[in-house]
Structure formats: C-alpha cells, structure tokens
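Undergrad: Swiss-Prot lists these features:
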- 43-63: transmembrane segment (TRANSMEM)
- 126-159: repeat 'TPR 1' (REPEAT)
- 160-194: repeat 'TPR 2' (REPEAT)
- 251-256: motif 'Inhibitory (S/T)XXXE(G/N) motif' (MOTIF)
- GLU255, 336-339, 387-394, 419-420, ASN427: ATP binding site (BINDING)
- GLU255: site 'Important for autoinhibition of adenylyltransferase activity' (SITE)
- 305-440: domain 'Fido' (DOMAIN)
- HIS383: active site (ACT_SITE)
Amino acid sequence: MPWEFLKKCDRQKAEVRGEKEEQEPVPGNPHFQVQFHVTSCRFAFLAFLAGSFLAFSLHALISSNLFWRLRQLHHLPTAHYLQTRDEFAVYSVDELNAFKEFYDKSTADSVGATYTEAEETNIKEALSSLRLAQDMYMAGKDDKAARLFEHALALAPRHPEVLLRYGEFLEHNQRNIVLADQYYFQALTINPSHSEALANRQRTADVVQTLDERRLASLDAKRAALSAIHEANSALRRAKKEAYFQHIYHSVGIEGNTMTLAQTRSILETRMAVDGKSIDEHNEILGMDLAMKYINASLVQKLEITIKDILELHRRVLGHVDPIEGGEFRRNQVYVGGHVPPGPGDLAVLMQRFEDWLNSEYSSSLHPVNYAALAHYKLVHIHPFIDGNGRTSRLLMNTLLMRAGYPPVIIPKQQRSKYYHFLKLANEGDIRPFVRFIADCTEKTLDLYLWATSDLPQQIPMLIQTETEAGEQLVKLQSPQMASIPESFYESGSGALP
C-alpha cells in the first residue's frame, strides 16, 4: 500500500532525528483537553495584547489630535504663541523659514486651491490686465500701467503672479520698496515655493529693515525731545488735555460711535447727556474715561501687566454699557469678519501665554512701538471678550507706550478701514504693515505734542471737523507747520526710498 508505506517512512525519519511522533489529539482525550486549555490561554493573552495595543493607539491618537489642535490653534506653535509673527516684527533672518513651517495654509492647499466660477473669471481678467499693464510699462506709459496693475490687484488680490508683478512695478518704477516687499511677502504666503518672489524678497528685506530701523530711531529722537519739555509747561498740559479728548473720541469712533469731538468733550467735562444720541454711545465714552483714569492711576506704574489687569481694564470699558460681561471672558464662539477667534474653552490657556509673553525677556528686548503694536494685535486676535476687544487692545497698547515714555497714540477714526486692513494682513501672516501703521500714528501724535509746545505764535493744535460732500466728518489740524508736511506722510506704509 503506497500510503501506508509513506507513513512508515515518515515515522522512521522522525525516529532517526530523535523526534517523537505526536499522537493526534482526539476530543475527550486528556491530552486534547490540556492542549485546548493551553491554546485558550494563548488566545486570551494575544487578545489582551491586541486590546492593550488598540487602547494605547487610540489614546495616542486622541492625545496627538489634542496636541496638534492646540499646536495649530491659530496656525501657530503651542510653545510660542504668535512667535512667528513676532519674528516678522523684529525682522528675524529666519522669518521665511518660520513662516513656511507655521503658516496656516499648506503649500498644497495654497497652490492647488480650487476657485468658483466667478473667481476664475476674475483671475482670467486680472491676468489679462496684468499683461496689458506690463506692455504699457514697457512702452513707457507708467500712469496707464499703474491703473491696470491696481485693477488686476483688485480683481485677484491673492494671486501670486499679480502680487509679484505689481511689487516689481512699485519697486522699480514707483521706488516704493516697502510696499513692494509687502507684496512679495504676500505672494510667498500664498505660494512659499515661488522662486521669483523669494529672490525679490531676499533682495528687498535688508533695505526695508534699514528703513524701518531708521523710522524707529526717528521716533526715539522725537520722544526724547518731548521728554525734555518740563511737565509744568502750560502748552504741554493743554495739549495733553486735548489729546485725552481726542483719544477717547477716535477710539469709540472706530467702533461706530457717532458722537462728534465737541460732544465727546462736553460729556466728559459736564457729564450732561447729548440730545439725539443713544445711551450706549454715552456709556461707551464714560467707560473709556474710567479705563483711561485706571491706566494713569495704576497700570503705568506697574512693572508687569497681568491677566487680572487686562480684565480690570475691560471691566471699566464695559462698566456702563454691559456691567455683567465687563471683566469676564466670553462664553460663546464669536466670528469677526473672516477671522474666527479661538473657542471659549481655549481662552484661559491663550491668555496665560499672552501674559507670559507680555512679561518675558524677549518682549522687553523689542522696541517699545513694536512691543505695543504686537501686544495690541495679539489681544485683538485672541478676542477674549464678547465686546470691547478693540478698545481694550488699544488701551493696552497705550499703557505699554506710556510706560516707555511715549504719549497715548491716537488712531484716527478716519483711518478705520486701513486699521482693519492691516489687522487682516497680520492674520494672513505679515504683522509688519500693522506695526508700521502704529508707528505712523505714533509719529503723528508726537508731532502734535511737539507742535503744541513749540515757540510758534499760533494757538495750540486744535482739531476741527469739516463736512465732506458725502457728509463724512474729517479731522484736520489748524497748523501751518503741519500743513507743510506732504500728504504722503500721513499715508500708512510711506516707505519710499529717498
């Protein structure tokens, strides 16, 4: 029998190797029961290991998601909240690398983004205008080229090619290297691998840094000149009083308050109501007055600013408008235009990081204007309150400036659109235009004080309001000296090469 012969051969081979032929287990046999028990134990042990591994993996995944959620909160690393934007403000050499690492949109998302039909139409028209603009520029028709570039930018404000070519036009034709550098930077935020934008940025970065440093040195010189004036100087005291009214008037005006400067002054001096104005508008002015007095009496002298100080500041800002919400973190999610602030559950962590940053050695090493502008942006970006975030942020900014010897900076309500535009640019990754805007406002405020305390025979600078054809209120300085300053000086981002 072939089959039996083969089995016999196998048994003989096993005996030669010294192996024992195992008897085939049969159900009911004790050997089968022992083997079944051992197999069950092995299965249970393997199941335990598999379950442990699954639980560990699930825990790691959840922890990782939580970590990355916090890490990517507002697209920035956990340990250094808004550190990337800080580096932009102080012009770190590594700003591009930091930007590429932490920017909120990946290269793939930016480059491979899909557009709606209307957006695609706008992009096609923008690129067509861009080609015409370049042709006009080559033909020497600079005015037409400038208008076509602006038209292309209006149609596609976030198209890398439009930003790049318009920046080159501004750099070489208009000699506005600061604005050109800003557009190169924006092009890189959308497409970090854009080689031409990167090459242009590397060429302009050092020049722009020099211009910005020169601007800050000019502010320091004007601050020193103002500090040299004795506090008992009557003109200085009158200027401070007038600036106090202006600061409150403009700060509430940015938020939509319709009170005029004269009405604001009347409310603060007489505490009498103004006919035809809402109670909330009155209370906003009174709240700012309380907050300013708190700063002068307490915060300016403090070595460190804490979360409690910021809450106390906000409590006074909303003290008359909404005393329940005043001094309290919001408990709901809010939306501010295209910006989505952090959820209420993240506010405590972010505000603690903000406090740590405010009082860190790194912050103390910044120029006071950079430091104050960054603090302003950080707080308004976190948006910790249900209302009054802008007013509280501007008050905090002025607290930091006053501690450094600067006067409270006035951000004119007429520049509200620029103010919000530069905040939007900061949200997109470049804080520098916002810092320059604050530097502009600081310089104008210093000029106002220096003019008021000069030996010129004219009266102190008063602000008058004139009505435009559209009924819009404008504020102008009654001053020959200020009138001699070119209009471009008042435009934010004035950094044209001399």
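Glycine is treated like the rest: Cβ placed from N, Cα and C.
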Undergrad: Can you name the residues of this chain that are 6 or more positions from GLY337 (ATP binding site) yet have a C-beta less than 8 Å from its C-beta?
TA: TYR420, LYS424
Undergrad: Just checking: which of GLU255, GLY390, ARG394 have a Cα that is within 10 Å of the Cα of the residue listed as 'active site', counting only these binding-site residues?
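TA: Cα filter at 10 Å returns GLY390.
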Undergrad: For the motif 'Inhibitory (S/T)XXXE(G/N) motif' (251-256), what are the DSSP-based totals of helix, strand and coil residues?
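TA: Across the motif 'Inhibitory (S/T)XXXE(G/N) motif' (251-256), DSSP assigns the residues as follows: 4 helix, 0 strand, 2 coil.
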Undergrad: If you count, for each of the binding-site residues GLY388, GLY390, the other Cβ atoms lying within 10 Å of its Cβ, which residue has the minimum?
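TA: Looking at the binding-site residues GLY388, GLY390, the Cβ with the fewest others within 10 Å is that of GLY390.
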Undergrad: Minimum Cβ neighbour count within 10 Å among the recorded positions HIS339, HIS383, ARG394: which residue?
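TA: Ranked by other Cβ atoms within 10 Å, the recorded positions HIS339, HIS383, ARG394 bottom out at HIS339.
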Undergrad: Compile a sequence-ordered list of residues in the same chain as THR392 (ATP binding site), six or more apart from it, whose Cβ lies below 8 A from its Cβ; state 'none' when nothing qualifies.
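TA: Looking at Cβ-Cβ distances below 8 Å from THR392 (ATP binding site), excluding near sequence neighbours, one finds ALA291, ILE310, LEU313, HIS314, VAL317, LEU379, PHE385.
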Undergrad: Quick one: mean pLDDT on the repeat 'TPR 2' (160-194)?
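TA: The predicted confidence over the repeat 'TPR 2' (160-194), as a mean pLDDT, is 91.
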